[in-house]
Each structure stands twice: as C-alpha cells, then as structure tokens.
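Data first, discussion second: the structure below is written as structure tokens.
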C-alpha cells in the first residue's frame, strides 16, 4: 500500500501563506517532496459526482414508468410488476444510502477543511519560533513511540514477563492495551481514508519525521495522538480501578507509582504536541485524535469486566472473533488514492484476533505457563525476586526471538501459498479507473494470517511450547 498514488499539488492548502523555502534542515532524509494526495488538498469541498451519487439525479430510480401496452396480435404484454418493484426498491435504497453517506462526508469536510487551511500560518510561526536542534531531535523521535511498530515490539514483553497466580490468567492490562491500540489504528485510519483531509502543506512547514511512510496517509485524525491519549488514560484508569485500591506499599513504592503516573501523563501530552511541532498534523488533526483516544479508553474501561467474562465462553468466542475481524476489513472504505492505513488496520486487527484466540485457548486448556508473581505479596524474598528476574529475562529473550523469526518467515510463506491457491495479484485500480483496496490479494491475505499467527504465538504458542520445553513455565 502507499504506492502508485496520483500526484496533486498543495497550492490550495498553502494559499495565503508565504511560500518561502524553509532553511532548517529536515531530520528525516526519507521524506519526499510531499506531492502525494495525502499531503495535498482538494480545492472543492464536494467530491466528484461519481462519488456522491449525483449521476443518478437525471434518471432517479423512483421515476420508473410501466412499459407501454403492446398492440400486437399476440395479446397484451404482462407487466413485470413484482420483479421491477423489487429491483426499483433495491436500487433506490442503495442510492439513498450512498447519498446520505456522501452528504455527511461533504458536511464534515466543509466544516473541517477551512479550519485546517486557516491554521497553516499559525503553525509556521509556532515552528519557526521554537525551532532548535534539541527540539527537532526530541519531538521527532518521541513521536516514534506513538507508532504501531513500537507497540508491536513492546507488547510481547508485557505477556512474557507478566505473572499468573494459581493458574488464573491475569493479562487484563496487556489484552486491553492491544485492543485499544488496534481500535485507535482502525478508527483513525478509517476516518482518514473516508474524509481524505490533507496534512499541513510543506512548504511552508518543515516536516520532521522518523517514518518514511507517515506522510503518505491523510491527516485527520492523528493516529499518534489517539494512541498516546488512549494508552495514557487506559493505564491510569487501570491503576486507579484495579491496582491502587488494594495496594499496601511503602513510601518508596508509592513514589515509584507517582513517577510512573507522571511519565504516563507526559507521554499523553508530548506525543500529540510533537505532531504539531514536526509539521505532520494540524491542531484540528491532533484534537480529533485526542478525542478518539479518550473515547476508546473510556469505552473499553466500561466494558472490561463483561468482556473478560465473555472470553470464558465456548466456541462462540473464536467464531465471533474471526467473523468480527473479517467484517471490520470488509466495511473499510476505499480512499481516493493508495494509503498505508489499510495495511495497518489489517495488521492490528489480525493481532487482536490472534491474541484473543490464543488467550481463549489458554482458558480452555487450563494451562498455567507463567511464573509466580513475587510482587503479589509484601513478603517476597530477595531470592524469589532473583529467580523471577532470571526467568522473566530468559522468557523475554526467547519469546521475542521466536516472534521475530515467525514474522520474518511466515508472511513470505503465506504469500506463496495464497498465490499458488489462485489469490489475485494486487490491483490498485478498478476497471473504471478508481482506486480500490486490495482486500482479497495474496499480500493482504498473507498479512492477515501472518499477524494472526504472530499474536497467537505470543499468547499461547510460545509459552506453551517454547517455555515448557526450556522449563520456563510454572
């Protein structure tokens, strides 16, 4: 994804702003000239007629007239009332839904696009006023901690080092973290590809990014901001509800908790700010991302306990997970040009599916593969801490190595397998010339299976097979 896009200009986006070439060096040498559609603005607020359903207005489906009576000697021609009525109703319903969606899309774009354009002069002044080498480095690379790649590296550590007491799986926090991150990536990506709103123009802004593909996405809302806010709020809410009320800590331990709280708050604030300073997002994009992140965290905390109880169910659990994953990808909208958001949505949705499938398998098998938690009580000995540290370190090293190996090998193998089975090659355009997401290509199917298997390995495969074989289980 993200290849073969049509090139547009961003003259409309930068109107009213001095078009001077920035003299400050860019941190990322991988950033292109930003003529991709995700960096450019569409001049009209309305979409093309083919996207809005207005090409049906000259002959609306409800203006159907019955066929004229035949004067032939063979008699009267029967009117096909039942079939015609069903066809007319179906087409009319489809057009109405399309018109409603297009009208809502136009209204949202008409509200947001002028505001995004109007922010450009203020963003230029802000970036110029605070530009310095330290700020460039700090805000560029702190934004890297809001990417899904960073979370994919760190999340296995939560599961491999977490503890299980009495055979009861206690991965509430880790599961929730994966789910809210996946929801953030999916929802913000869906909104980006549906609204197709541009990023701030460069020039006049200087874009600083450690990523080589972030500029290929549309702007609103910011995925980095959504992920940072959702992780911070979810972590704080989890501590407040499930950890702090029953904690019996010393003063030093409470100080550590306070320091961790400050880190979470700082993370939730600095990552969204970094997207503005680096010229990657407008203030409107960041506010939209923060609202999405807060809503996701609040919604998941509200359903956490019922959801955990539901995971103890029977075969309806894996069936529902697989169906929900497939449907979420089928309803994803086609953007106006190639965008990597769909690849991210496929990857993260597959991770959630595989992780929950593996966790359901753990519950069904009743297998406790985690070491006892020395921090569960206040009388933990130094020896138990040393043993836990040794086991946790080995588990993380072996587990992460196994996950990396799976990631490197599985996707090429699945891709060859699906090509052999006749999966179509990737096609970025439909026969009528419009961009279409490659939903059923060998690459997409291989990505889906690879990431599902990766998460399944994290939650069940690696602990059950590798840890048991190396005596790193309970």
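From the backbone N, Cα and C atoms, a Cβ is placed for every residue, glycine too.
Since the structure is predicted, the reported quantities are computational estimates derived from the model, not experimental observations.
For the ranges 69-92, 93-116, 309-332, 333-356, the feature annotated in TrEMBL as transmembrane segment maps to 309-332. In TrEMBL, the annotation transmembrane segment applies to 138-161, one of the ranges 138-161, 378-401, 402-425. Range with TrEMBL annotation transmembrane segment, chosen from 40-58, 173-191, is 173-191. Where the transmembrane segment (225-245) meets the stretches 173-191, 251-271, 283-303, 309-332, 445-467, the count of C-beta pairs under 8 angstroms peaks at 283-303. Non-local neighbours of the transmembrane segment (445-467) in the same chain are 155-156, 159-160, 171, 178, 325, 329, 343, 346-348, 350-359, 361-362, 365, 367, 369-370, 395, 398-399, 402-403, 406-407, 410-412, 414-415, 417-418, 423, 473; each lies 6+ residues outside the stretch with a CB under 8 Å from one of its CB atoms.
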